[in-house]
Amino acid sequence: RLQESRERLSVCSKLCYAVGGAPYQITGCALGFFLQIYLLDVAQLDPFSASIILFVGRAWDAVTDPMVGFFISKTSWTRFGRLMPWIIFSTPFAVISYFLIWFVPDISRGQVMWYLVFYCIFQTLVTCFHVPYSALTMFISREQSERDSATAYRMTVEVLGTVLGTAIQGQIVGKVVTPCIESPLFIGKTNSSVAMEELNTTHDTGSLTDTRNAYMIAAGVIGGLYILCAVILSVGVREKRESSELQSDEPVSFFQGLKLVMNHGAYIKLIAGFLFTSLAFMLLEGNFALFCTYTLGFRNEFQNILLAIMLSATLTIPFWQWFLTRFGKKTAVYVGISSAIPFLIMVAVLDSNLIVTYIVAVAAGISVAAAFLLPWSMLPDVIDDFKLQHPESHGHEAIFFSFYVFFTKFTSGVSLGISTLSLDFAGYQTRGCSQPSEVNFTLKMLVSAVPVGLILLGLLLFKLYPIDEEKRRKNKKALQDLR
């Protein structure tokens, strides 16, 4: 009891730790929801070029995760810790590169290279922040219950971060209506129930310069929040070296550790299950702005619909934390993530209706909350299970977290690249006030049918995951004995 009392974290420590998760989510949400439509309609790149930027940027982001995990495993402990220096020194450069992503350079050639370079630089720097931050979960306490509690705080703040990212980016950009160009060729070919005359009201409203300035203002605000959160994290959290060490610890090389990690069955099964469910929500995130703008016809409302999803997700995080504590994490996975399926089908099948769309958005946010909380809540259980099977090996927390993110990001890069190419093949018109029916059908598939299929596949694979509540309790007791 005395040992558990020493390991308990104060509410202030948990809050400071949780705040550190906001920068990744704020910037990731802004990029995920808005970068595709920004590249197509504001920077005016063709869909093929935009798909290259989105794919290469996400693929590079995926590659940097194990790279940073490798270098962290080689980092010596300092008086600030082993992970915290990475967070502190990467922050200012990440903010600068993030701002330059949302700047339209005045050059006739090389725009594609501009966005590709700064997108990759930012993804590298934000990885230098997020991988050590994710691994920090294992260094704040040895108590599983305290780590779970801190993870719940973190997930609440991270989902709040997605709300902030959506609200800041959406509301600032939404104040300025992006001008569009109507092509007579496509009049009558759209399947949106909104009248073409209503869509065309944005034709002469505002200017492209105003829209570009709005994106840069939003980037400046988000960059300031990034710095503030990094300062709170570095000041309010102490990295405890002893929290992840066992009595029999001996150092093992990175590649030996990687081989051990990849041969750990529970880890592979966890990755397999969440890989497909994460992909489903990433596809929805990447194409939802275009879907609301063109297929549903809510050009001036999509940022508010996104905000409704994220607010709903934020408010239901505490419910899912209670649910997984009461009924177990595997049960929470099945109930929470599968609850999105009827609403994804509904939004594609029903006629365009703003009230129905808001109801579906709020309901879908409940499932988004489960998808946010559960992977990060379950990964520490896998690491504890690994430590029991390999008590002689330590220091591999960053490998677990970085490769988990690697697989998710790489496949999301492939999916986003393919989805943008699909829009190109369907005949997407840059800056169009409307799109041909083929584009609208493609968008429906990308935000409804494909995500539903991925969720079902992920839940089927999750049946193989071996760590239930009984095994978690046994692992906790065995770890206490081993220490």
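Glycine too: its Cβ is placed from the backbone N, Cα and C atoms.
Features reported for this protein in TrEMBL:
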| type | residues | note |
| --- | --- | --- |
| TRANSMEM | 15-39 | transmembrane segment |
| TRANSMEM | 83-105 | transmembrane segment |
| TRANSMEM | 112-133 | transmembrane segment |
| TRANSMEM | 214-237 | transmembrane segment |
| TRANSMEM | 266-284 | transmembrane segment |
| TRANSMEM | 304-324 | transmembrane segment |
| TRANSMEM | 331-349 | transmembrane segment |
| TRANSMEM | 355-377 | transmembrane segment |
| TRANSMEM | 398-421 | transmembrane segment |
| TRANSMEM | 441-465 | transmembrane segment |
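The list of residues near the transmembrane segment (331-349) in space but at least 6 beyond its ends in sequence, with Cβ under 8 angstroms from a Cβ of it, reads 273, 277, 280-281, 284, 320, 323-324, 356-357, 360, 363-364, 366-371, 374, 444, 447-449, 451-452, 455-456, 458-459, 462. Using a cut-off of 8 Å between Cβ atoms, the transmembrane segment (15-39) and the transmembrane segment (355-377) share fewer than three residue pairs, counting only pairs 6 or more apart in sequence. Among 83-105, 112-133, 355-377, 398-421, 441-465, 83-105 has the largest number of CB pairs under 8 A with the transmembrane segment (214-237). Against the transmembrane segment (355-377), the recorded stretches 83-105, 266-284, 441-465 differ in Cβ pairs under 8 Å, and the greatest number is found for 266-284.
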